[in-house]
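Shown next, in C-alpha cells, is the structure this report addresses.
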Amino acid sequence: MVKMIVGLGNPGSKYNDTKHNIGFMAVDRIVKDLDVNFTEDKNFKAEIGSDFINGEKIYFIKPTTFMNNSGIAVKALLTYYNISIKDMIIIYDDLDMEVGKIRFRQKGSAGGHNGIKSIIAHLGTQEFDRIKVGIGRPNGRMTVINHVLGKFDKNDEIMILNTLDKVDNAVNYYLQTNDFQKTMQKYNGLK
C-alpha cells in the first residue's frame, strides 16, 4: 500500500516559519528522523520525498503551488502514484483553534481555509483525513492575512515545537496502525 502525507504552506523563504506554513513545518518534523530528501518536481508543482515505513511506500509532499492552489498538486500526485484518497492525510493551520491544539478529522468543509477549498474542489469530495493545527485568531486590529503570514510569538515557539512533536508521534502511530480512527481517538485535542 502507498500513502501520502501532505503539509500545506507557501513556497519561498519569506514564508518560512509562518503560521500558514505549519503544514510544511509538520512534514519537515515528521521526516527529520527518516532518510528523506525532498526534490522539487515542477511537473507536479511540489516538493516530494519518500521512504519505506513498515514495508509501505510513504510520500511526503509540500505543494509549491501557493496555498490557494494546493489542490492542483494533490490531485496530480494522487493520480500519478495511484494513491487512494483514504490513504492521504493533509496537515494544515486552523485559525479557529487555540495556538498549538491539534484536531483530527476524516471529513468536513474547508472552514474558510483556501488550501482545503482547493483540495475539495479538485478532488470533488470533503471526505479525506486531515490534521488541523491551531494558530489562533489575530489580536486587536491585525488582519487575518497578516496573522497567518506572520511568525509565531516568542511565547508560542516552544509550544509549537511540542505540538509538531505530537503531530509527528500521531502520524507515526497512524503509519504503524494503519488506522486513522484509532489515531484520532488517541491524539485528538492534544495541546
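For all residues, glycine too, the Cβ spot is worked out from N, Cα and C.
Taken verbatim from Swiss-Prot:
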type     : residues            : note
SITE     : N10                 : site 'Discriminates between blocked and unblocked aminoacyl-tRNA'
BINDING  : Y15, F66, N68, N114 : tRNA binding site
ACT_SITE : H20                 : active site, proton acceptor
SITE     : D93                 : site 'Stabilizes the basic form of H active site to accept a proton'
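Distribution of Swiss-Prot features across the structure.
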residue : record                                                               : contacts (Cβ under 8 Å, 6+ apart)
N10     : site 'Discriminates between blocked and unblocked aminoacyl-tRNA'    : T18, H20, N21, F66, M67, L149
Y15     : tRNA binding site                                                    : G9, N21, L149
N68     : tRNA binding site                                                    : N114, G115, K117, S118
D93     : site 'Stabilizes the basic form of H active site to accept a proton' : L8, K19, H20, N21, I22, G23, H113, K132, V133, G134, I135, V148
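Look at the residue listed as 'active site, proton acceptor': DSSP puts it in a helix. Residues Y15, F66, N68, N114 make up the record's tRNA site, and a Cβ search at 8 Å around their centroid adds N10, H20, T65, M67, N69, S70, G115 from the same chain. For the binding site of tRNA, formed by Y15, F66, N68, N114 according to the record, the largest Cα to Cα distance is 16 Å, rounded to a whole number. Counting other C-beta atoms within 10 Å of each candidate's C-beta, the recorded positions H20, F66, N114 are led by H20.
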